[in-house]
Amino acid sequence: MRFATWLISLLLVTTGTQQASAQRNVVHEERSQYRDVVVTEFNGQRCMLFNVVRGDMNQTCMDLSDPERLIFTYTKMSFAGLLFNPQPERILIAGLGGGTIPMTLRELYPDAEMDVVEIDPAVVTVAKDWFNYQEDDKHEVHVVDARVFIKRAGLRGVKYDFIMLDAFSGEYIPEHLLSREFLQEVKTLLTDDGILVANTFSSSRLYDHESVTYRDVFGPFYNFKLPDSGNRIILATPGDTLPHVGDLRAPARDLYDRLEPYGINILEFPPRLSDEPDWDTEARVLTDQYSPANLLN
Amino acid sequence: MQNEYQSLSPTAAKRWIILLAAFVNGFVIMSIELLGGRVMAPYFGSSVYVWGSIITVFMLSLSFGYLWGGRLSLNNPGPRTFVLFFFGSAVLCLPIIFFADPLMTEVFLVIEDPRYGSLLSAILLYFLPICLMGMVSPYSVRMLVARQSHSGGIAGELYFVSTLGSALGTLGTSFYFVVWFEINQIIWVCILAQLLSGTVVAIAFREQLGSGKDKDTTAPAPASAAVDARGGHS
């Protein structure tokens, strides 16, 4: 235990993800079929980490003195989806992490039906025990691969008006959650006024492939990046036309007061959206037959 | 017992061909196993269970292949049966290309639990071809062993080449082929490789294929006769 603490501190120091003087305490380790899940506390923040040995980044963090405040920029960015559908009634989230996004959405929309899909039961346990995550009678977490859940939901004819894809394995999004066939399955779950929010990385060799694949399935979509984040949020709608950025300012003003307590300044989001391709449009579309995602990343 | 042992003892060239065929066979087994994860992921995800199912089914198929292949080598062993393993396994891989999607759709609809869904799908898709590929190993030993005292050495050589093939099949498929090709293209190449191996073996052993029994009843080549004789006296 002490050795693990020392090791984590060392790795974090050497990889430069935190200040060098940091003393990180491992407060919990949960064994998992996939990768052990570690909870650390440092500087008033509690974080969930995977793949500690390789010094991977935090999966999710919580401010212990102000648990409501969202710490990661990408988490805040994912609420841009609300600009397109300010009153979601049926929400699907793939990838639980510490449960920050579903719990925030629950507070914002107490009546929304919510399905959360998480492959790793250990993550669910840690989220509940250490990150105040909880289900309720309209909010269920399903321990299953997202592809399987979404395929089955499609067969049952279930629809959602807010879908968030945030499923990451150790390195990146698993390849069967990046293919054209998968995105088509996701698209059939969207209601006409629904919005798909996908969390991806802006810097990876996959960026081009990923972008042309989303474009292939959804047509034009909005790319959302912020200068202080390495994430790129994809905002895609099932229809052929995207709403104009100008039309998103009104919902941004309406949402501002409700989102401000979480540290989300949604007013700065609309000008940051772009539907101009900033990728190689000749890149090869990812399919179930061709999806070397983890090799290209 | 030693005197009864009917050596199929091939010439040096034939030995190399059998070893090469065993190498290709090992390569193809692992290439197909590795692709199995990708074939099944769209239906059953990429959870630990899916890899568990695939590895279980491949091990099971190989174990029965070893058992039955070894038994088959007890009666009238000869190149004809050996060649059939290659042609048969090639043909039995075709359903992976043509029927995997409808088959897994059916399984997906019937079985909710991805553990058992992936297990059943893996059995239906992979048991037969991999079982036949497993038969190649013990049968090659029988094809190559001229004298009982050498059987351990021959078996070692065979395991060496076929497992080396498996290692390279795993590496090539996971590191490179999936970046360059589609899954079905790789499976087609595996099928062609098996057909080619079978054809080359058939050509090399053509004199021994023609007879009614799967046995060398024609006049043996001088070299093999010499080994035969040595075998008889050891």
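Backbone N, Cα and C atoms are what each Cβ position is placed from, and that goes for glycine too.
For reference, TrEMBL has these:
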type	residues	note
COMPBIAS	B:218-234	compositional bias 'Low complexity'
REGION	B:212-234	region 'Disordered'
TRANSMEM	B:16-36	transmembrane segment
TRANSMEM	B:48-69	transmembrane segment
TRANSMEM	B:81-99	transmembrane segment
TRANSMEM	B:119-137	transmembrane segment
TRANSMEM	B:158-180	transmembrane segment
TRANSMEM	B:186-205	transmembrane segment
**Q.** CB contact flag for the transmembrane segment (B:158-180) and the transmembrane segment (B:81-99), at least three pairs under 8 A
**A.** no
(Q) Are the transmembrane segment (B:186-205) and the transmembrane segment (B:81-99) close enough to be called in contact, which here means at least 3 C-beta pairs under 8 A that are separated by 6 or more residues? (A) yes
Q. Of the listed stretches B:48-69, B:81-99, B:119-137, which one has the most C-beta pairs under 8 A with the transmembrane segment (B:16-36)?
A. B:119-137
